[in-house]
């Protein structure tokens, strides 16, 4: 009798493990389904139109900006190198998210493989490289305004290379553990993500195991990287504004304030929705409707990329002159 009971226990344990393995494999094999914008399903097609327009505008604006900077030797300076990095990150971020979101909103094509979802999540978080690029741009303006005579000796090509390498390395080091943490969660048969694209906590919510480490790691990563960047950018612009108000020339002061004002607008345009998204997803609970969070997240990946070429490019005389020269050369070459 005891042997029979032991056999039954073994069989029950084997069955439980089999079910767990099956549940674990369901999401990984079957993939995930993105719902789009829950609660606004009847407006999906109408919402997709402005998203598509903004996406095309972002691609066109940043593409032109990158081409102008690359084609004009006079723009091969630190400020414009960092600006081309920002434009490249904008193109990649919007392209990582918008095509899949538009396919979902237009065609109802909501399926994505689990590995594809992890890949999209990785690139979305990796392209948070914006934060470090904005810090590099703030440092560039700090040196240019506060130590103009030492600008060339401080921001050499070697230093710029180190900044670029450090920026990419930091973003990779911060983002890669998220993949590791998600891979080691146990997934059940739930495979519906209430979003238009995959992000860390959206995937983590599919699991049926404890995901507290994912919550705290994501929050710590955001605060330690982005929070530190915000502090350093703030300190830089405090020193920049102090130096600007000490300028004797009214024209020089107005020009510097105009440049700083546009940069600060670009910084706020990036950080405010990004930080709101981070905290709302983790602590918003039911106080913030799901569609508000998702709409803001989608606007975040298209509005800053669309407006950055205007904020940093159109308002910069050298960029405008470079664009005119580039198009003039193209027109001459086509004749």
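Yeah, the Cβs are placed from backbone N, Cα and C, and that goes for glycine too.
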Transmembrane segment per TrEMBL sits at which of 159-182, 183-206?
159-182
Contacting positions for the transmembrane segment (291-314) when only residues 6+ beyond its ends and CB under 8 Å are counted:
37-40, 47, 51, 54-55, 57-58, 61-62, 64-65, 68, 83, 86-87, 90-91, 93-94, 96-98, 101, 124, 130, 194-197, 199, 262-263, 265-266, 269-270, 273-274, 276-277, 280-281, 284, 320, 323
